[in-house]
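**Student:** Okay, handing you the structure first.
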Amino acid sequence: MFFASVMGIGGLSLLTHKAIKVFQLSNLDTLANLLTFFSIALLLFVLVLYIAKISLYPKAFLKEISHPVRINFFAAVSVSILIIQMLGLKMFASSISLSLFYIGAILQILFSLYVVQYWFINAMDQKMASPAWFIPIVGNLIVPLAGANLNTISPLIPLEFLMFYLGMGSFFWIILNAALLFRLIFGENLPQKFTPTLFIFIAPPSIFGLDILMLFKPYLEEQSLYLIASFSFSIGIFFFLLMLVMLRIFTKLKFALSWWAFTFPLAAFSLCALELYSIQHSLFYSLFGIFGIILTTFAVLIVGIRTIIAIKNKEICVIEE
């Protein structure tokens, strides 16, 4: 679950860089670079900790990868690597960026295959389902975005490779979206600990919109891309507004590491809003982009502080079922 913090802070870093470019805020370059370095350091730190955990407590690791809920969070590793790859495009040598991309992409498909086969061969209770299921499957939508960004520097990634991930991620987004809505409407309420994962509904339509804008830029007219991405982003806007309506519920939740689920979806939403704004300079999208920047920054600060306090009080990384 700690990798979700890399996704959140890395997402805020990407958002800061984008805001600087769109609104020409070059005086904030230092802040954006600091966030980038911190995101990279955090990923390395969490990776070292998790590798140490696997080495020292292999039975605990094996238990995690066979747990019907926790397996969904392993894809946060590959998503985090891809986010760092995008952040480091102008810092890393092309060989390093390419290596990070393929490491992230290969891990992502491996996690996806593992999770889907787990669903197929195990009895899955409806109450086990949560929006966290989006992470291993719809995380595949991050791959085309990362690859398209890398191709703007040097055309290294085949289009067909990126289309594979886009098609797979889009398919499972539609299927899981319907299945999870059915579960949430007609099934039991989510456990309080996983209520923050409702924010993940915001991420897929936002990332899909970014994929359309980045991946097909060399092949389609900008206006066509804008319309398709706007259509997808409108779904994200609905879920964003729904989360605001439910804000009272979220403010009453007891802190858990799942609070990091608030952060990355907000960053993805804001990135898509800014990308759309940069094309047509729509006031509508600029308002969502600016509001999203404020909310994402606030969410990362609050969740980060609460995480530090929880670590200090030894309230996380405790034994649980």
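Yeah, the Cβs are placed from backbone N, Cα and C, and that goes for glycine too.
If you look up TrEMBL, you'll see 34-52, 73-93, 99-120, 132-150, 162-186, 198-219, 225-247, 259-277, 283-305 marked as transmembrane segment.
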**Student:** In the same chain, which residue numbers or ranges, 6 or more beyond the ends of the transmembrane segment (259-277), come under 8 angstroms Cβ to Cβ?
**Tutor:** 1, 4-5, 7-12, 14-15, 18-19, 22, 131-132, 196-203, 206-207, 209-210, 213, 226, 229-230, 233, 236, 240, 250, 253, 285-286, 288-289, 292-293, 295-296, 299-300, 303, 306-307
**Student:** Is the transmembrane segment (99-120) packed against any residues at least 6 beyond its ends, judged by a Cβ distance under 8 Å, and which are they?
**Tutor:** 65-66, 68, 71-72, 74-75, 77-79, 81-82, 84-85, 88, 92, 136-137, 139-140, 142-143, 146-147, 150, 157, 161, 165, 168
**Student:** Can you tell me which of 73-93, 132-150, 162-186 gets the most C-beta pairs within less than 8 Å of the transmembrane segment (198-219)?
**Tutor:** 132-150
**Student:** When you scan the chain for residues with a C-beta under 8 Å from the transmembrane segment (162-186), skipping those not six or more beyond its ends, what do you find?
**Tutor:** 105, 108-109, 112, 126-127, 129-131, 133-134, 137-141, 143-144, 147-148, 201, 204-205, 208, 211, 215
